[in-house]
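Enquirer: Have a look at this one.
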């Protein structure tokens, strides 16, 4: 699942490192029958027409799962910003719900159409498109960064700064006018990307293997067992979150404030907070991601921040508010930004160079052949395997007219250009036109690079828009808000374009029609444009301290994005006294670490941490890193004892832990909106403080 901000880079890295494990888990059963190719196994099953692949039950199930996953993604987005791939759980639950539905209808004699892998692909596509808006919509990054809450927290003690508070109406309107452009931008090139260039799209390929495996007899049995395990841990996680709620009368109470490593360590954010979500995330993320986050926490909260605190009065004024960006918080945020930008710039350059080299090689391979347009279809080469022949034949059968793609892009761009300046008056029509001229080219680069490496650079293009449009608008004309709004426009286009190509690859490998894929993506995106803002609105209204550093939902990347926008407009004057030198050092360190990782190669670089992952705890603390490392340790021990069982069931167990705790956010929000507060405050005090409290109460 794609979603925005620096967390998108972490998610992409998780995909890149973990894709082989996911494929091994899901296609093991199919490989037993490798003498027969995948499509020979399904040869006797009729492929339904594209209209029959789009069923009412598929979209009902998609809607239910979209609401569920939107809550999960939103919670992760507003807490730490690390969003693991939830493709396994989306695929499992989609398969389970429709399979149960069809069995009930079959017993009653009302079943008119069996459940096919094409319909399963439609559900997967719709759910990922809808829940992806919870991520790319910027609710924990660029969009919330515009709010009064974040601006006032970043500009402590100063007035006169522009902000735009979230409102349900304009958020839904904004998402509707920017989220569909990416879907139309690359449709004419789908045959070139999937068939002619044969791009891998690892996540799309792994998802296709997952769906294909579900619909074999052995794969269906395994899926049932996986769903059973997911259900067990979903129930446990939900009930555990419900139990914890009773002890959280205030933000300083409860199991999540348990000083498991001591009170001094707790003050520096080192503790285990009993979160089932982060333990589950740790089980899904590769070990190197979890360890990198922990190393970043130790480096920042264990070493750097205590040392910088000793320079209070020299490096920053001693009387500054703790939330002032000119004080210690400024060091936390801007050094993290330096790491993020250094890592992002290196990977942007690397992937862009790979994209250009790959594109050149593909074109050279085709030599004098003309690139086909969407309506053209070249004869299938005799050298193709049976699978490729079958898949190519069906992929080119249902065409999406080029005039529809170009006309759709131009029409939506025109509406968007007229609408967006009314939502953000700082963003002018000429800013938007420039973005829309360059967006298809950048979308192509991102989709091509994603097909080669599984690495989405949508957040990098978003940051590029922040700096360019923000500087163009200028500080006196609302450059900060203009840059943030431009970031949202660019990210949505580039991100949805690469998502659509991933879905086309999945559809190609499951014989789902490109038309059904496109329609499913459009419907899923429309669902997400309504569901995600509503889910965010529940969080926003239920938790008045949302976005504050001490909140249960601190939305850390909102402050980061605001600071980036301010840096782009005001330059280095926004930094505390000695911060620039440290930023240079960490920017260079991020690039150097990546060079060392690539020089050593994948087999020998397993012990080198990831700079992007290291940056996340710089302003959040290490509590979630400890949870993630515990999840990683559980998986490591499980793999040592029973590797086959761990590979088959660990993603389902992890998904259950994440989903149960994530869904608890809905009833907890309802309880908060109703004014019902937990009855107990479980709080931990030092012996000296406890004696003072006892003396006071006893007097």
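Heads up, the Cβ atoms here are built off N, Cα and C, so glycines get one too.
Remember, predicted model here, so these are calculated numbers, not experimental data.
What TrEMBL lists as transmembrane segment is 54-74, 80-101, 122-145, 168-189, 230-247, 278-303, 400-423, 429-452, 464-497, 517-540, 582-600, 612-638.
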Enquirer: Which bits of the chain, at least 6 residues beyond where the transmembrane segment (168-189) starts or stops, bring a Cβ under 8 A of a Cβ in it?
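Expert: Same-chain residues near the transmembrane segment (168-189) but 6 or more away: 133, 136-137, 143, 373-374, 400, 402, 404-406, 408-409, 412-413, 415-416, 419-420, 423, 436, 439-440, 443-444, 447, 488-489, 492-497, 499-501, 518, 521-522, 525-526, 528-530, 532-534, 536-537.
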Enquirer: Given the cut-off of 8 Å on Cβ pairs that are 6 or more apart in sequence, determine whether the transmembrane segment (80-101) and the transmembrane segment (612-638) share at least 3 such pairs.
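Expert: Counting Cβ pairs under 8 Å (6 or more apart in sequence), the transmembrane segment (80-101) reaches the transmembrane segment (612-638), since there are 3 or more.
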Enquirer: What same-chain residues lie close to the transmembrane segment (278-303): Cβ under 8 Å, and 6 or more beyond its ends?
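Expert: For the transmembrane segment (278-303), the list is 10, 13-14, 17-18, 76, 80, 82, 84-85, 237, 268-270, 332, 335, 606-607, 609-611, 613-618, 621-622, 624-632, 634-636, 650-651, 653-658, 661.
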Enquirer: Which residues of the same chain, at least 6 past either end of the transmembrane segment (400-423), have a Cβ under 8 Å from a Cβ in it?
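Expert: Distal contacts: 170, 173-174, 177-178, 180-181, 183-185, 187-188, 190, 373-375, 429, 432-433, 436, 440, 485, 489, 514-515, 518.
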